[in-house]
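Undergrad: For reference, Swiss-Prot lists these features for the protein:
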| type | residues | note |
| --- | --- | --- |
| ACT_SITE | H90 | active site, proton donor |
| BINDING | F24, A58, F59, E60, A82, V83, I84, F115 | 5-amino-6-(D-ribitylamino)uracil binding site |
| BINDING | G87, T88, R129 | (2S)-2-hydroxy-3-oxobutyl phosphate binding site |
Amino acid sequence: MTLKTIEGTFIAPQGRYALVVGRFNSFVVESLVSGAVDALVRHGVSESDITIIRAPGAFEIPLVVQKVAQRSEFAAIVALGAVIRGGTPHFEYVAGECVKGLSQVSMEFGVPVAFGVLTVDSIEQAIERSGTKAGNKGAEAALSAIEMVSLLSQLEAK
C-alpha cells in the first residue's frame, strides 16, 4: 500500500513576500531580518519581491500583518521581532497577544504568516537565536513561509 503524501518544498513558488518587523530590540531584530532575506533569496525569491515593513514593536505586528494580508498582494508574510522577559508581566501580555493576533490573521485571510518573533528569557538567548548557537530564527521563519506557500498551492491545485 502506498500512502499519498502532500508536503511543501523549499523551492519558492512565484510570489511576493512581506517581512513585518518590530523595531524594538533592533540589535537582535536586524539579524533576524538579514537571516530571513538571505533564506528567501537563497531559495529563489528575488530581492525585488521582498518588502520590509517596520512596526514599532511586537505588540503592533499583528495589526500591520492584518493590513498587509487584506491587500492580497503577498504570497506569505513573515513576522519578525524580539520580546525579552523583564521583571514585570509585560512579557506575557506582549508575547501572548502577538502570537494570538498572528494566528487569527493567518486563519482569517488564508495567507501563511510565519512566526519569527523571539520570545526569550534573556538577551543572551535572543542573541543565540538570531544567528549564533541556536541558528537564525528569522531564516527559519522565512523557510516556513516558503514551505507553506508551496504546500497551499498544491492543496489548492488538487
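Including glycine, each Cβ sits where the backbone N, Cα and C put it.
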Undergrad: Which residue among the binding-site residues A58, A82, V83, I84 has the fewest other Cβ atoms within 10 Å of its Cβ, if you could check?
TA: I84
Undergrad: Using R129 ((2S)-2-hydroxy-3-oxobutyl phosphate binding site) as the reference point, find which of the recorded positions F24, V83, H90 has the shortest Cα-to-Cα distance to it.
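TA: Going through F24, V83, H90 one by one, the closest to R129 ((2S)-2-hydroxy-3-oxobutyl phosphate binding site) is V83.
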Undergrad: Far apart in sequence but close in space: which same-chain residues, 6 or more away, have a Cβ under 8 Å from F115 (5-amino-6-(D-ribitylamino)uracil binding site)?
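TA: Listed in sequence order, they are A79, V99, L102, A141, S144.
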Undergrad: What does DSSP assign R129 ((2S)-2-hydroxy-3-oxobutyl phosphate binding site), in three states?
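TA: Note: R129 ((2S)-2-hydroxy-3-oxobutyl phosphate binding site) is helical by DSSP.
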